[in-house]
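S.K.: Taken from TrEMBL, the feature transmembrane segment applies to A:20-37, A:43-62, A:96-117, A:123-150, A:157-178, A:190-213.
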Amino acid sequence: MIALLRRELLLAARHPADTLAACLFFLLVTALFPFGVGPSPETLARLAPGALLAAALLAALLPLDRLFGAEAEDGSLDQLLLSGLSGTQIAAVKAVAHWLTTGAPLLLATPVAAAMLNLPEPAWGVAMLALALATFILSLLGTAGAALTLGARRGGVLLPLLVLPLAIPAMIFGAAAIEAAASGVNWKPFLLLLAAFAAAAAPLAPLAAGAALRSD
Amino acid sequence: MLEAKDIAVLRGEQIVFVELSFTVSPGEAILLIGANGAGKSTLLRLLAGLIPLAEGSLTWDGQPILTDPAVHAGRLRYLAHADALKPSLSVEENLRFWARQWGGDIAQALDAVDLLPLAGLPARLLSAGQKRRLALARLALAPAPLWLLDEPSVGLDVASIARFGELLAAHRARGGMVLAATHVPLPLPGARELRLGRPA
């Protein structure tokens, strides 16, 4: 599995534009909010938690439809399934690689986005934690969705329709944690609930994805 | 020994073939012959465990092969139509994952298909024949008892086919089995032919 993860990271390093595109998309979406709702600092700060979460989840969705699509097109998927790794292991590595190449870089862009949305500075740390967990959940759910929609016509459209509703709990608890931190309330319970969701998705999503990859 | 008994495969609603039986013993080679659409590639994918069996039994030394696909995968190398190469990785990097997974020496495998001088070149710069040779290098990495080859010689020049023949001979001398789908002669002396046809 480590060998596959190294291959995935090497491939991502050869295509840095994909990672950069997700980060820029994230920043641009958050930059659009001040234009839409006006520059009033209070309104922006009120919107910031939800806007950050929504923008991050959408940005992390971008590279998902190529997750297995590219492998299936060039024949690599068949070879991976015969490499001695199970479908579940392949899916788990894909999810981790997707988070490392999309979710983690988004965290680096979070302070910039938080500043643009006038999120109070003490909440920035919590915002990064909440985004880390939420994007990890999206990587897991998205991997299952990508495996399910593999081979479907217009799978790229189907995938968000399948994955985003499942990510609603991540959205709720993530935004609630940031909101709580911004207003000085205890934010820990929300993050713990988010972590519990991630802990449940971590084994289940790769299992589902592995089963979907196996059934041709 | 690989044994197929009265096997049948469905793709969608279509019957691809029925009541097909054959055995392959160590060191033996079988050429799959048949018109386009006769089910040669389907049979190879079935033997690789990538598609389900509709009827009949497939056994390896008496054990059904499709019960544990991961174990069966360890016994075989599958060369598909697609070369399964990543254009942005170099020739050597394309093999690295497989070498870690299966063991084997990358330089030796590249030498076996005469790609060693190009080891550092990105795979996107290779010609079609060179890409095919890089896919063949995967076979040369580490020994596996069963080779499933789907038109392995497409795009290869005469010298490359001769080198491929040496690979095949060494594989069979080790007791390896070969099933190859092909429309052209392959360097497989003494190979039996298995003719696939559309069911009436």
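In case you wondered, yes, glycine gets a Cβ from its N, Cα and C as well.
Any TrEMBL annotation is an automated prediction that lacks curation.
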S.K.: Restricting to CB pairs under 8 Å, which listed stretch, A:20-37, A:43-62, A:123-150, A:157-178, is in contact most with the transmembrane segment (A:190-213)?
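M.R.: Top-ranked stretch among A:20-37, A:43-62, A:123-150, A:157-178: A:123-150.
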S.K.: Among A:20-37, A:123-150, A:157-178, which stretch has the highest count of C-beta pairs below 8 Å with the transmembrane segment (A:43-62)?
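M.R.: Highest pair count goes to A:20-37.
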S.K.: Same chain only, please: residues at least 6 beyond the ends of the transmembrane segment (A:157-178) with a C-beta under 8 Å from a C-beta of the stretch. Say none if there are none.
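M.R.: Here the qualifying positions are 48-50, 52-54, 57, 61, 64-65, 119, 123, 126-127, 129-131, 133-134, 137-138, 141-142, 145-146, 148-149, 187, 190-191, 193-194, 197.
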